[in-house]
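Below is one structure, written out as structure tokens, with a few remarks after it.
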Amino acid sequence: MVAARVLALVVDQGRSLKTELAAALPTLEDVRDRALVEAICFAVLRRRPVYEAALTQWLARPLGRGDAQLRGLLMVGFAQLDVLKVPPYAALSATVDACRVLGWPHRASFVNAVLRRAQRERLPVVSSDAAWPRWLAERIRADWGELAEAIFDASLKPAPMWLRVNLRYGDRHTYVQRLQAAGLEAVPSGLVPEALALDCSMPVLQLPGFQAGEVSVQDLSAQQVAALLSPAPHARVLDACAAPGGKAAHLLERAPTLCLTALDVDMQRLRRVAETCDRIHVKARLCVADATDLAAWWDGEAFDAVLLDAPCSATGVVRRQPDVLLHRRAEDLLPLLNIQSRLLDACWRTLRPGGVLVYVTCSVLRAENQTQLEAFLARTVDACAEDPGDAYGQPAGLGRQRLPGEQGGDGFFYARLIKEI
């Protein structure tokens, strides 16, 4: 029932899945129920075109606009049978009971009949890009050719839960042993010394040492950013779009003496940076401002290193944010390109000669990545790009691109820029 309501808000009212889950899950007392609702919502959004095709084929009359919650409930039932492999009797019973709780006893037999058909028959087969808006799928194909299918396929699969071990409290091997003592298994990454991939997802607060700051949750691709920036101890560092704070926290875990300014335009999101810093026991200067408005926040003292994790289309993290494909519009792209360009220009002004600026996005669109970088270099005479290296993915112009799922990480673009002296 909770999952059906969340899905109706996300699919039919354009709400954020992350926001709606954050509001809905605390209403459930049992952590197992919370995990099930979250798993159902992600499964439905990843498999929504399949379930829509099934309803189109199986229903004599299509569901109307007023049936959003009923459609969501049917998809909840499909997901339990199709992805989560809940025993059929349990999936049918729970979904039919939800009809009665929602005040639809007259629809219980209808829901039961549809789910029994799903149990008997195969669900329709749809193309791997069926969930992607046509304009976006066409752009992915134009950018990536034969690799487009791999992007679409990877975006349908659940993302692994990556952990970042805080090496100030102990080494990675010791933390793996703690996980094993708790009945959990994890695989170390060869790319980042702090990174571990859990064999299954779990509630963050149940991770050993999480609340004490001994471990954090952060995707592998995001964890690689700290080494690419690699500021010296005591350096002045700017994280220009800092929220929710994972990259700033990682930098400070590695070098607690950094003088790091965490900047974000959103006060609520910046509070999350503060909470993260408090949890891992590091200090940062927090500033609420638009990074492009230098007069509003910058004191004129240059930074040694700047991290610009720019707002983007999020096309590299669809496996973690499947509702991106519901909400992203073609007209969103140009404003994003404009703000990325303005952020690059503004942040560059704050960087000292000889300093390093790292530009990253969680996008796989060339317009936001190598094309954006090439345009910046063309208009910025004192900027030069250094190749991040093979550990950061395949060459993408003067940067590097990891596609979703490669080496277990999210889709990410990386560029390392040096300000000439």
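Every residue gets a Cβ built from N, Cα and C, even glycine.
What Swiss-Prot says about this protein:
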- CYS362: active site, nucleophile (ACT_SITE)
- CYS241, ALA242, ALA243, PRO244, GLY245, GLY246, LYS247, ASP264, ASP290, ASP309: S-adenosyl-L-methionine binding site (BINDING)
Alpha-carbon distance [the residue listed as 'active site, nucleophile'; ASP290 (S-adenosyl-L-methionine binding site)] in Å: 20
Assigned conformation of LYS247 (S-adenosyl-L-methionine binding site) - DSSP reduced to three states: helix
CYS362 (active site, nucleophile) versus LYS247 (S-adenosyl-L-methionine binding site) - Cα distance in angstrom: 13
Inter-residue C-alpha distance, ALA243 (S-adenosyl-L-methionine binding site) and CYS362 (active site, nucleophile) (nearest angstrom): 14
